[in-house]
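Residues or ranges marked as domain 'SAM-dependent MTase RsmB/NOP-type' in TrEMBL: 30-202. If you look up TrEMBL, you'll see 133, 134, 135, 136, 137, 138, 139, 157, 184 marked as S-adenosyl-L-methionine binding site.
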Ligand SMILES: C[S@@+](CC[C@H](N)C(=O)[O-])C[C@H]1O[C@@H](n2cnc3c(N)ncnc32)[C@H](O)[C@@H]1O
């Protein structure tokens, strides 16, 4: 039997539960909206194309290059990132994964934040670089693009399945200066690295 007080407690409890569900739901909706709001970034693979050719191809497909400062991107607009000259910014819903430039690895979908380490490292062509944690290969192929395939990139990953993706991406990107190695970087003999000038591990 519920007393008057316990009935009140029961309903208070329910009310708290319902409001926490509503709050969780709001949080979920807010999260979905913020993910949908994020722009898409496409890095031009300089091993297969160049920025002006990619811009021209998108223009032909009805995309319009606009100034980064013009605010929120319209559906078919895109802009050049103000910091990264080989990175293009698109509307969050731009259907880039079905675009031929993506399928042929002329562009690589890579978030702006992920593009920054290799851009800041900026190894000149002819460098010897070790990518310690390379799969799926976004930064590895970006480094190859920056180095114009000149020099060497030794790309380690210890996860067999992710390593397979790395090899595929490296091949598709035409990154011939990359040697993928399936291994735990921590087990690699330091002697091996005597030529290394740059390392990148993210
Ligand atoms: C966040 S992902 C790297 C993303 C990659 N740099 C890119 O830009 O595409 C981390 C990777 O590090 C690998 N990894 C973690 N510890 C490692 C180790 N000790 N040796 C080799 N690979 C390792 C994981 O298997 C995973 O594939």
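Cβ from N, Cα, C; glycine included.
Counting every protein chain shown, the Cβ of residue 135 (S-adenosyl-L-methionine binding site) has 24 other Cβ atoms within 10 Å. The DSSP secondary structure for residue 133 (S-adenosyl-L-methionine binding site) is coil.
Each residue in the domain 'SAM-dependent MTase RsmB/NOP-type' (30-202) has a pLDDT score, and their mean in this model is 90. The Cβ of residue 184 (S-adenosyl-L-methionine binding site) has 156, 158 as same-chain neighbours under 8 Å, each 6 or more residues away in sequence. Within the set 133, 134, 135, 136, 137, 138, 139, 157, 184 that the record links to S-adenosyl-L-methionine, no two Cα atoms are more than 19 Å apart, and one pair reaches that distance.
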